[in-house]
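Visitor: Take this structure first; my questions come after.
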Amino acid sequence: MESIHCNSLLNPNFSLNQRRRRINHAVLNRRDALLRSLNAVELRRSRTFSAVRTSNFSVTAAATDVGGRNSTDASVMTTAMSGVERGVRVGKSSSALEQLDIERGVCVPFRKYSPETVRSKVLESRGAVVSLVSRGVEIVWTLGLYWSTLTYDFLVGRDEEVVPFRARQLRNLLCNLGPSFIKAGQVLANRPDIIREDYMNELCILQDDVPPFPNEVAFNIIEEELGQPLENIFSKISSQTIAAASLGQVYRATLRATGEDVAIKVQRPQIEPIIYRDLFLFRTLASFLNGFSLQKLGCNAELIVDEFGEKLLEELDYTLEARNIEDFLENFKDDPTVKIPGVYKNLCGPRVLVMEWIDGIRCTDPQAIKDAGIDLNGFLTVGVSAALRQLLEFGLFHGDPHPGNIFAMQDGRIAYVDFGNVAVLSQQNKQILIDAVVHAVNEDYGEMANDFTRLGFLAKDTDVSPIVPALEAIWQNSAGKGLADFNFRSVTGQFNKLVYDFPIRIPERFSLVIRSLLTQEGICFTLKPDFKFLEVAYPYVAKRLLTDPNPALRERLIQVLFKDGVFQWKRLENLLSLAKENVAKMSSNPNLRVKRVESKLDLTDTIKDGARLFLLDEGIRRKLILALTEDSKLHVEELVDVYRLVEDEVDIPTLAMQVVQDLPNVFRDFVLSWSNSVLSDR
């Protein structure tokens, strides 16, 4: 029976509608599966497949159906499908999975993966022993030969000079071993805690493009999943795939009922038994190597396989990606700068996904973007802001934003496709990330090291004192270059070196985040080589700190403004200037003239909360009074400078009226605070 963690209902990352979807997911999946099975049986009885398709169904060539799309006009959808941390829990979780849940810090309402589930599925299948032995021999023989060549290179002293060749050899080897190993290679490309950097660089270009499987097979799968003939649903469908990958392939089609163009993802046939078999072998090998990996590499091999297995199995259920799309639609429903394609839930199943077709311009073609009349700087600003909102505001992050998945719309919006591979961050992890930013600003590297422990990069009992100087060196070296030379790739490269010197393990969710940020930064540099990522990122973060009513962010704002108990007037001025810059860039973006974008920095709630804190929090009140009178003088000049920054952003009469209206509540809270203080003194 499918199980639900009740705590998932309280997850603050998700809206009420999103929580409802998670509650009903298991029941609806069971119902839909039964309906699909019944419809498929009926379909097999009555279908005259080839005759109907020949007479009534229009299969068009991809070149004409796509409308002569060139290399710059885009909507190619890859099929890297990784759901968020969900699945059906079957059986008792292993200790590694329990550790995975603890480290993740998010609720897991559904789970398909557990070592016990994989073992039972594999061993209960027909011919399991023969299949496992033959596959095991193939894997051991292939990897053994490769390992022997590495050993020989080391013995003859040429191991360093042949690294480029061996790295390419490893990439080709993984491709030949099939989809599980292709996905494993993509994971390794983001794990400096497991392999060295030169091999990572080679695996970064690992593509899961593979020959497509026959159309007849794909169309049969679509009909089985949807429970009716194709010609009843689509008036035409491309005769060639738009994209083909290790787990599935994509077609373009037109809905018969509405005439809308859609993209159809179809999963490869009989891929699930292959994935389960390989995961069983991976987990078996990991159990043998776990002691070695813990001692020599400082990482838990079983935990790494469990993270990988959970994500990979979720890729096999396209209903999870449909739910991801709904979540992104919910998150960006009021954002006029972002386009998320709609999903046709009634036309989706575990092996088929139907979503809105996106017509856009490939995001790595600056000339095509300019020719379309799209302001390049405006598009980059929109893209960076959208990425930061996903990471710091929603906690639901697109994990694979490569050029085939991001497009520029004619109206200046940024469009995303392919939502299978997403990273989910809990509310706690989002707050820790903001803490890390605050600690970096305050140059508190000891607390920054503790943040890495809280995020799961370091074991809880790790002594962080040796790591603090290394973090300080990295940050000061990067920050000292200024915005002109600061970029994530250089910082990540320096951080990767720490992995080899300290027991640092990169959690899977953060490897996705890091890869995503690096990919998007690379897209920005492709469009504009002198683009300064932080010149857009800093204003967004400043605006978020100043305007977000979240109590946790209010606390972080106070930490930023006070250093060693001293109020930082310059930081407040910088934050205000940066936040105003963010609003100005968005409101003046020529791509968004017809969109509703805020034109002023709304500080009303911030000022009201500040007044409330001043009255109710004795510590804050004392600090602010000291800030105004420190060094035996009134800081009138600083106050005037701050006022000049906000005078155009704040409607003083309206704010005064709101403060007056709020006075009864503030006075009540003040009396309660005062009475509690008096009673506690007694």
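Glycine residues also receive a Cβ, built from the backbone N, Cα and C atoms like all the rest.
Residues or ranges marked as transit peptide in Swiss-Prot (evidence: sequence analysis): 1-79. Marked as domain 'Protein kinase' by Swiss-Prot on the basis of sequence analysis: 236-567. Residues or ranges marked as ATP binding site in Swiss-Prot (evidence: sequence analysis): Ile242, Ala243, Ala244, Ala245, Ser246, Leu247, Gly248, Gln249, Val250, Lys265. Under the heading active site, proton acceptor, Swiss-Prot lists Asp400, citing sequence analysis as support.
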Visitor: Rounded to the nearest angstrom, how far is the Cα of Asp400 (active site, proton acceptor) from the Cα of Val250 (ATP binding site)?
Guide: 17
Visitor: Output the one of Ile242, Ala244, Val250 that, of all these binding-site residues, has the highest number of other Cβ atoms within 10 Å of its Cβ.
Guide: Val250
Visitor: By a simple count, how many Cβ atoms lie within 10 Å of the Cβ of the residue listed as 'active site, proton acceptor', its own Cβ left out?
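Guide: Summing over all protein chains shown, the residue listed as 'active site, proton acceptor' has 23 other Cβ atoms within 10 Å.
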Visitor: Give me the CA-CA distance between the residue listed as 'active site, proton acceptor' and Ile242 (ATP binding site), in Å, as a whole number.
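Guide: Ile242 (ATP binding site) has its Cα 18 Å from the Cα of the residue listed as 'active site, proton acceptor'.
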Visitor: Out of Ser246, Gly248, give me whichever of these binding-site residues has the highest number of other Cβ atoms within 10 Å.
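Guide: Most Cβ neighbours within 10 Å: Gly248.
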Visitor: Report the mean pLDDT of the predicted model across the domain 'Protein kinase' (236-567), rounded to a whole number.
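Guide: Computed over the domain 'Protein kinase' (236-567), the mean pLDDT is 85 on the 0 to 100 scale.
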Visitor: What whole-number distance in angstrom separates the two most remote CA atoms of the ATP-binding residues Ile242, Ala243, Ala244, Ala245, Ser246, Leu247, Gly248, Gln249, Val250, Lys265?
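Guide: Largest pairwise Cα separation, rounded: 14 Å.
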